[in-house]
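J.: Supplied in structure tokens, the structure appears directly below.
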Amino acid sequence: MQTLTGKNILLGISGGIAAYKCAELTRRLMERGAEVHIVMTEAAKEFITPLTMQAISGHPVAESLLDPRAEASMSHIELAKWADMVLLAPATADLIARVAAGMGNDLVSTAVLATDAPVVVAPAMNQQMYQNIATQENIATLSRRGMHIWGPDAGEQACGDVGPGRMLQPMDLVERCEAFFQPEATSDLLKGKSLLLTAGPTREALDPVRYITNHSSGKMGYALAQTAAEMGANVTLVSGPVAIEAPAGVSIINVDTAQQMHQEVMSRTTDADIFIGCAAVADYRPEMVSEQKMKKADDSDTLTITMVKNPDIIASVSALKTDRPFTVGFAAETQNVEQYALSKLERKNLDMICANDVSVGGQGFNSDDNALTLYWRDGKKNLPLDSKLALSREILVAVSERLETRD
Ligand code: PMT
């Protein structure tokens with residue numbers, strides 16, 4: 001979706017390890033229609049070259065404040081005036097301090113002084129540097145002056161420390177740019193609607209220490225939950241065991257097995273306007289769960305486990321005679337994707353199905369990206385490879401359009 005068409009973004013890169021992510025950030029912004037020019041600090045060039053950023057953005061990258069070649073193309077003052085947004089990513093402690101002090105001793109800080117466009121700061125630094133009182137006061141100063149502070153994220157850092165200071169992922173920044181420029185476009189799209197959804201894998205026990213499961217990480221379902229909450233929906237997420245944090249503003253119910261997931265979902269359908277089955281639910285479970293750890297048999301090289309069918313959660317939801325929510329399924333296929341997805345749409349009586357080819361690397365299970373085709377009774381929409389967050393937005397826009405025609 002060309003959500004950033006006509007938007008001019010001046011990306012100011014400073015010298016932190018996260019600078020390497022600016023290639024991806026620029027590409028993703030441009031995919032959405034933004035025009036991106038780059039300015040870099042001297043230190044940034046140690047992490048990613050101006051030539052790389054020039055090749056990706058399609059525009060010359062100024063090497064210094066007085067670079068005759070770049071100034072002939074568009075002077076740094078003209079660039080600051082051209083921008084609809086100045087995005088400082090990564091913004092190191094040093095850059096933040098210089099901007100807070102009002103300095104203009106390099107291209108990036110000069111751009112901030114010379115622009116009247118909104119300035120967004122995406123901090124990235126060591127967690128101790130981030131938590132230092134000087135940095136905190138500088139960030140508070142920028143915020144007080146009306147600059148937007150996006151992030152940082154917390155977690156393991158390149159230096160080995162753990163804590164706050166990681167730059168937001170490129171797609172998180174892109175999503176925020178989209179929401180910044182078009183807050184009205186989707187922020188209320190699901191206002192007043194209740195969304196019930198499932199995510200992650202299920203675990204089917206064999207004995208107290210072993211279980212059968214699959215590769216679902218929960219990323220797709222959690223991205224949907226986060227996006228729906230940002231669009232104003234009241235979101236309840238029934239989640240299998242995953243290693244990711246619950247998105248803000250989402251009610252979460254944790255389960256292990258398909259039977260538990262079935263029970264938790266079915267007790268909540270009455271209030272749901274929309275149900276999305278994104279979980280990779282085990283179709284079968286072991287018939288017998290051994291009370292004690294199963295022992296290896298000396299007299300046999302094989303083990304036979306009898307499996308019995310689990311309830312089909314989404315089929316149960318779509319079969320409801322009263323209060324049936326608009327029901328959206330996923331189809332995880334490794335071959336004949338369209339054929340199998342359409343047959344699930346029909347057989348499970350769904351309103352929409354999101355088909356993904358999980359045999360392709362870099363998408364599907366446990367990846368940050370995915371590629372999907374949405375099918376409904378009389379239409380389809382192809383969503384090429386993109387982040388799960390960006391795809392979630394497109395899925396939910398398509399759902400809300402179909403919901404309107406049904407209402
Ligand atoms: O979690 P990630 O790592 O981000 O990966 C995302 C994903 C690949 C898991 C996701 O995109 C996806 O495809 N989810 C559905 C996986 C799946 O189980 O597909 P299926 O084709 O087997 O099932 C079809 C539909 O029936 C699904 O909506 C599923 O939730 C539902 N189902 C299946 C079996 C069952 N007993 N009950 C169900 O509700």
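Each residue, glycine too, has its Cβ placed from N, Cα and C.
Automatic, uncurated: that is what TrEMBL annotation is.
These numbers come from a predicted model, not from an experiment.
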J.: Please state which member of F326, F330 TrEMBL lists alongside G277, C278, A279, D283, K293, P311, D312, I313, I314, K344, K348 for binding CTP.
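T.: Of the residues offered, the record points to F330.
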J.: Long-range neighbours only, meaning 6 or more apart in sequence with Cβ under 8 Å: which ones does I314 (CTP binding site) have?
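T.: Residues satisfying the criterion: F275, G277, T327, G329, K348, L350.
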J.: Considering every residue in the domain 'Flavoprotein' (7-178), what is the mean pLDDT value?
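T.: Averaged over the domain 'Flavoprotein' (7-178), per-residue pLDDT gives 91.
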J.: Just name the winner among C159, A279 (the recorded positions) by count of other CB atoms within 10 A of its CB.
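T.: Checking each of C159, A279, the winner is A279.
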J.: Near ligand 1, meaning Cβ under 6 Å from any of its atoms: which of the recorded positions C159, G277, K293, D312, I314 fit that description?
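T.: Cβ under 6 Å from ligand 1: G277, D312, I314.
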